[in-house]
Amino acid sequence: MEMGNQHPSISRLQEIQKEVKSIEQQVLGFSGLSDDKNYKKLERILTKQLFEIDSVDTEGKGDIQQARKRAAQETERLLKELEQNANHPHRLEIQNIFQEAQALVKEKVVPFYNGGNCVTDEFEEGIQDVILRLTHVKTGGKVSLRKARYHTLTKICAVQEIIENCMKKQPSLPLSEDAHPSVAKINSVMCEVNKTRGTLIALLMGVNNKETCRHLSCVLSGLMADLDALDVCGHTEIRNYRKEVVEDINQLLRYLDLEEEADTTHAFDLGQNHSILKIEKVLKRMREIKTELLQAQNPPELYLSAKTELQGLIGQLDEVSLEKNPCIREARRRAVIEVQTLITYIDLKEALEKRKLLACEEHPSHKAVWDVLGNLSEIQGEVLSFDGNRTDKNYIRLEELLTKQLLALDAVDPQGEEKCKAARKQAVKLAQNILSYLDLKSDEWEY
């Protein structure tokens, strides 16, 4: 049917579908909760479109009925997606962790800016724990979860940075007001900036409902204007003092932009991040080396060159910029473990090869430890090849094998032999490291 002769009901349905399509990306990328203003707005729009679709007269015609059904299904799909985004278990996990950070800020930081004692080590440890747990929240590559995790981390890391900067680099102590008429004003502005710092932290963490980003931005801009208006020509010390306070204000204004950037930035998509791409490049080469080693007819020929290249890969990972992003830091940490585990695997293989060449007598307990190390080497090869999750039968089997080796080591009696004690301790550590590596490989973490 040509457009000019199209039934009015079909045309109306197409208009509604176009309107629904126009907000699809907003729905798919929605990273908030069900009590957010934007959630209610999107829900209202979609519900209204459903009513509009329902009110289209089909006149009993099959083609119009089918078109109406398709339009309703598409709108219902987006409504369901919106609801799932807001109530996803991992989204709620992010919110619960954020609420812990809010409680920490309320208890430890806000009183500090209201004239209390200094920020405690307990707060710093608590925030570090929160950041670490957030980096471990699984997103499954889902845009809404990635955004939620990124925005939450960004705010908490900003608060951590504001406090660290404040503790590390206090501006010059207020100069004597006798030095110049402008000093009194700069001192006054500096006091206001310190108060505003506390307000900004409370605002970023959502523990101050009386303040808005816009108003705080106006306050800071006003303080900046006051400083700009001061005549400090020919007074280097006073000019430098003013410059420090101006830099502080600019830094706080940058933090204020975080909320606005949250909805426009694609920084949450770490798949395109330069540092992550470097890490991925290293991991790709590491996997190639691993495959060559595990499939080689004569692996010992490759040990030296493989170890040399792997150590070079560790060097490349050390050079990766973390960009103050805990997710990049975690990605690098895991990559280092991946490469280091392969180096350890080669080290053990080499040690076992050398032992074969030694035909000397040894203490029975020492031999028992070496037997376990031989078993661990075989199991480690399987763990390196493992590519599943914790529900896989193979995961459970490998975990049981490693536990058996730990029990075997526990049963070894060194009989006072110091060399045997040290060897057993080293073997236990290796078995535990392989277990930890198996856990790391199977925890389904992603950027």
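Using the three backbone atoms N, Cα and C, a Cβ is placed for every residue, glycine included.
Copied from Swiss-Prot, the annotated features are:
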- 9-86: domain 'BAG 1' (DOMAIN)
- 95-167: domain 'BAG 2' (DOMAIN)
- 182-260: domain 'BAG 3' (DOMAIN)
- 275-350: domain 'BAG 4' (DOMAIN)
- 365-442: domain 'BAG 5' (DOMAIN)
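The domain 'BAG 3' (182-260) is not in contact with the domain 'BAG 4' (275-350), judged by fewer than 3 CB-CB distances under 8 Å for residue pairs 6 or more apart in sequence.
Counting residues of the domain 'BAG 1' (9-86) by DSSP class, helix then strand then coil, yields 62 helix, 0 strand, 16 coil. If you average pLDDT over the domain 'BAG 5' (365-442) in this model, you get 91. Residues in the domain 'BAG 4' (275-350) partition by DSSP class (helix H, G, I; strand E, B; coil) as 65 helix, 0 strand, 11 coil. Note on the domain 'BAG 2' (95-167): DSSP counts are 59 helix, 0 strand, 14 coil.
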